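Worksheet: one structure, shown below.
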Amino acid sequence: LSCYLGYKHSQTCPPGENVCFVKTWCDGFCNTRGERIIMGCAATCPTAKSGVHIACCSTDNCNIYAKWGS
């Protein structure tokens, strides 16, 4: 499985990590810089905390950040 780690930068996931994810949230600079974004591979879909959005998928490079487009 390959997952995006950043804008148009993907990497093959380590063994046992079969889920791609995008984690987004706002911090104090959200109004000027936009959402904070973490992308990558995981063994299971991370648990979202209040104010954090997480999207998971399980096909190659499926974790596209919607505001960047494809």
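Using N, Cα and C of the backbone, Cβ positions are placed for all residues, glycine too.
The annotation disulfide bond is assigned in Swiss-Prot to CYS3-CYS20, CYS13-CYS41, CYS26-CYS30, CYS45-CYS56, CYS57-CYS62. What Swiss-Prot records for SER70 is serine amide, and it gives experimental evidence as the kind of evidence.
The disulfide-bonded residues CYS13, CYS30, CYS41 differ in how many other CB atoms lie within 10 Å of their CB, and the one with the most is CYS41.
When the neighbouring Cβ atoms lying within 10 Å are counted for each of the disulfide-bonded residues (CYS3, CYS26, CYS45), the highest count belongs to CYS3. Cβ contacts within 10 Å of CYS56 (disulfide bond), excluding its own Cβ and spanning all protein chains shown: 15. The highest number of surrounding Cβ atoms within 10 Å, among the disulfide-bonded residues CYS20, CYS57, CYS62, is found at CYS20. A separation of roughly 27 Å, to the nearest angstrom, links the Cα atoms of CYS13 (disulfide bond) and CYS26 (disulfide bond).
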